Amino acid sequence: MNPRIRLLLVGLLILFVAVRLPGLSVPYQQDEFKTAIAAEAGLSEASAFLTHPPLTALIYRADALVFGGEHMRIIPLLFGFISAILLFYVVRRRFNERVALWSVFLYAVSFYGIWSSLMLDTDGAILPTLFLAALYFYDRIRTNSREKQWIFLLIVTLVTGLLVKLSFVLVVGALVADFLFEKRKELTTKHIAYLGAGGILFIVLTGSVFIAVKFLNPAFALGGMITHILYYVHLSGRNYLQIVIQSIKVIFYLSPILLVPLVFISKSVIKKTTPFLWYLGLGFVFYFILFDFSHGALDKYLMFTTVPLCVVSGAILSQLFASFSLRNHLYSLIAGTILSAVLVALLFVSPEIVPLYPKPAWFSRVMQGNWNMLMSFNGGSGPVGFYMSFLFIACSFIVAGATALAGRIWKSLLGTAAVVIVCTGIAYNAVFMEEFSFGKVYGNVEVVLNSTVAYLKTMSEIKSVDTHNDIGAYQLKQIGKYDGSHFTAAPQFEVGQRSIFPEYKGAFLVIDIPPLYDGFYRDFFKSCKILFVSQSGVITSTVYSSCTWTKE
């Protein structure tokens, strides 16, 4: 590696860390809070709560011990940093240093990549690290006459991945599919028999490790893990509307800079990225067909798409920018900068705050062209949410998509299209990162939460707090105000809450992201006394008590 490439790589790694550091303090939400509490309590508690293979509990127990429960986002960030380094070396081996730098750049600035490497879970940072490590060893086997140490390291990595989460079987499947496809003309019945025997031995080895871990850590709930898997195995009763909504959010998270360049994909890129494409294809079958994740955090599970798309789009952009020069593309750069500034200006066109429910009404607004509204980006697996302008999102995709289409039709505009896609893509992801970490435009949950917790800490007469979406549950537990009560303001929970809410003797904390819809929840809190209000942008934190609503 020459000094120039080394300097660029170090610069990208610094950028990777710098844009993620502000997000380390983002409050936990729902599953994240529960993970932090379980990990703080001990390995047995973490193993009992995390219904995954045993290494997940061990990793986060170590995280809590080393960094403390308040700073558990550090471990995902460390794994994310390692994955960025591995990404460079994997892509360099398959392409060249130029493509590798593009891939790391996209991984550094992609908002989905930023969120992935800060989430208290395995899908965003830990599994991608193991995937890239496995692919690196796999490539060494392909190019070094199957030296035994690389085979050993590959097997260890694959078993380790399955000990973290069973969905790592997608990586195993992607590598097997890639190998079989590459060697399809050379395979004989004997080869297939050997592969089958090897697969059986691998399954036996992995099963033996699981059994051994069960003896070493009795708290590991093997039955609970199996029950958790079976919960998602059914074809009927799927909430297809929720699947569509979560998928749209994933598209927004991935951003134009990772998706629009796919318009220019070439055969040479496809040939060199086959393991990544197999991974994406098998993942689609796994998450959308084999299992029903409509009641789970699908936007979290689909974080696995970030790394493959960074590689594919990085390779495409590297080709498009192969002949780039500032002199020849100065006007394109100016045009891209102006378009980006116009798109960012859309953030300030006084958007309307729209409730999440009823969901068909939201789609109706979109179809009617009423785009000047805020979307809340939050989920049960955290982190805590933030607002973003749908008008900004839609126009960013339209500008990037239209530019790409023009470049595809008129070859003379190809260079301009590439520059505009990158400029608008960087602006798009920068805006998402800023609102997620700072919320300077639409508000910051951390700001209102901290002031609310400070108030509640002084109120000795308030013994317990029921919090919306478990926002602030970790902080409330620290000051002794959390008794496990929380609610999600969604229509499907109304029936139960109509009986529970009037009987609750504590206070209610509502941070309105998403805002309450017209219905029971809004009516109930209108009957309450407001004890405290804190506001940041359009986000409001309100403490309610002494509610007079009565069940009809």
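Each Cβ is built from the backbone N, Cα and C atoms, and glycine gets one as well.
Small disclaimer: the values here were computed from a predicted structure and weren't measured.
The domain 'Glycosyltransferase RgtA/B/C/D-like' feature in TrEMBL is assigned to 52-205. Marked as transmembrane segment by TrEMBL: 74-92, 99-118, 124-139, 151-180, 192-212, 219-237, 243-264, 276-295, 301-322, 329-349, 384-406, 413-432.
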Contact set, same chain, for the transmembrane segment (276-295): CB under 8 Å, 6 or more residues outside the stretch: 131, 167, 170-171, 173-175, 177-178, 181, 232-235, 237-240, 242-243, 246, 270, 301-302, 304-305, 307-309, 311-312
Contact yes or no, the transmembrane segment (243-264) and the transmembrane segment (219-237), 3+ Cβ pairs under 8 Å, gap 6+: no
Range from 124-139, 151-180, 192-212, 219-237 with most C-beta pairs under 8 A to the transmembrane segment (301-322): 124-139
